[in-house]
Amino acid sequence: MYGRDPWGGPLEINATDSATDDDRSRNLQDLDRAALSRPLDETQQSWLLGPGEQKKKKKYVDLGCIIVSRKIFVWTVGTLLVSALLAGLITLIVKTVPRHHHRHSPPDNYTLALHKALMFFNAQRSGKLPKHNNVSWRGNSGLQDGKSDPSVLMKDLVGGYYDAGDAIKFNFPASFSMTLLSWSVIEYSAKYEAAGELNHVKEIIKWGTDYLLKTFNNTADTIDRIAAQVGIGDTSGGVSAPNDHYCWMRPEDIDYPRPVYECRSCSDLAAEMAAALASASIVFKDNKAYSQKLVHGARTLFKFARDQRGRYSAGGSDPALFYNSSSYWDEFVWGGAWLYYATGNSSYLQLATHPKLAKHAGAFWGGPDYGVLSWDNKLAGAQVLLSRLRLFLSPGYPYEEILSTFHNQTSIIMCSFLPVFTSFNRTKGGLIQLNHGRPQPLQYVVNAAFLAALYSDYLDTADTPGWYCGPNFYSTDVLREFAKTQIDYILGKNPRKMSYVVGFGNHYPKHVHHRGASIPKNKIKYNCKGGWKWRDTSKPNPNTLVGAMVAGPDKHDGFRDVRTNYNYTEPTLAGNAGLVAALVALSGDKATVIDKNTIFSAVPPMFPTPPPPPAPWKP
């Protein structure tokens, strides 16, 4: 039979071939000896399948679609295998070696100063210190506070913070300090977290609020007194017994009694304490039990403030010598605003926006200190705080009238901070004189810097590019620049090239007015007068009070680094709280702005109430 050969020739197929496949394979082994005697070309050799020839390596590799040199094939495959092995090894190393996931640019000066400024609060702690307090020269102190005074109701007054360079615990400035810190955490928690300080600042706040809860019956709905102060400092009439200003001793060595000052009519103090607890309840809102405890305490304190009217420092009491309160109306607005944010109860907002309350607080008239936020006057802070409500929630009637007034007044305050206006003088070095040349200026400057940076962020978040000062429009960047210039001055950009924050930079005060920092921790207990030699020595402090912002220079940019002159060298809780708030507001990337919603977490959905209909027309 013939089949067709595709190449044109006949292809014979023997249909009668009965040889099996096994026979054929055996026949292939019987090689033609005669043929092998002749030299074969390469192609012919490739036809021979003898066992001896199979051991010889082929020079080429047939990949089906292409024939390549065996050397090239082996080299290519080997290279690929080695590359894969190296890539796997590198991947394994990268995944297993510890590393920082996010590489940031070096911290800015504000972040570096923030780390130090927070350490000041660790150095000011009273009571039994936590193990991680990180201030080697401090120890447990004030463990008998409250117990040594049999006349007081609250027996356990251990804890809290010493106010300044002495060992007195003043509730009034301490409460304001905790409120400021809480406000800064609510607005800038992302910046604190980026700096690695969020847990630290929350610990600082809780140390303060835990103590404030001890100073009154925080489980009751109604109270009749508050422990306002522990320790006394009046030395004006000569000292017959040791006290916390006459004696120069380390807090750990105090062995004299520390009287407790209770007040039964102290609206300013109670309302400020209410603001501190209410603002902190928002900071700790994830800790439901503690947050509710703070809110209940704030409600109780505010009720006491409203029911028992009076100034806590009236009648020539010891607090009047150091932290005399000028009025309690500003604390009513301030405390009412914070309680509204903490509870969502509109009765607090109605109170905080009541025209008569605002009038008594001085919202409608100027004065030399108008717009200056301090431990005594919170009106400027309350106006910024309530302007926030109008910017982001716009509650409308019946709050709009007074909220718009507060918003306008806030704009005027921000205008007064700008160099083109003459509300406040400036030193030749550029420091704004918010206290008109009086001593200890920096505590007021840092508060203004915080408000300016914060309000700038409010406007940016509300997509508002700036604000008007009279006919002129100013960008929000101008406010931020004001805040930066003031904080830069404090950090060393001043005529003396001195940082007024201890431990920041290379040139800072070495003779800080502070008992603990000035006395060495040498296991020697110096008595009341024995410590005077450390007070009066011209040698630098043996202990560095890291992060303490001193009182500051005079109106001529002058500064005397002298321990006995507290008007230059004494730091305070309230001053450092304002510094921390300003630093965190300016720190980090400007793209990280305020937390718009957390402060409103307890505020119910707001639907503006329509105004009442007009009275019927009468002819």
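Cβ coordinates are placed from backbone N, Cα and C, and glycine is handled just like the others.
Any TrEMBL annotation is an automated prediction that lacks curation.
Looking at 1-25, 126-150, 551-575, the range tied to region 'Disordered' in TrEMBL is 1-25.
Around ASP561 (active site), taking its Cβ as the centre, 16 other Cβ atoms fall within 10 Å, counting all chains. When the active-site residues HIS513, GLU570 are compared by the number of other CB atoms within 10 angstroms of each CB, GLU570 has the fewest. Each residue contributes its Cα atom, and for GLU570 (active site) and ASP561 (active site) those atoms are 10 Å apart.
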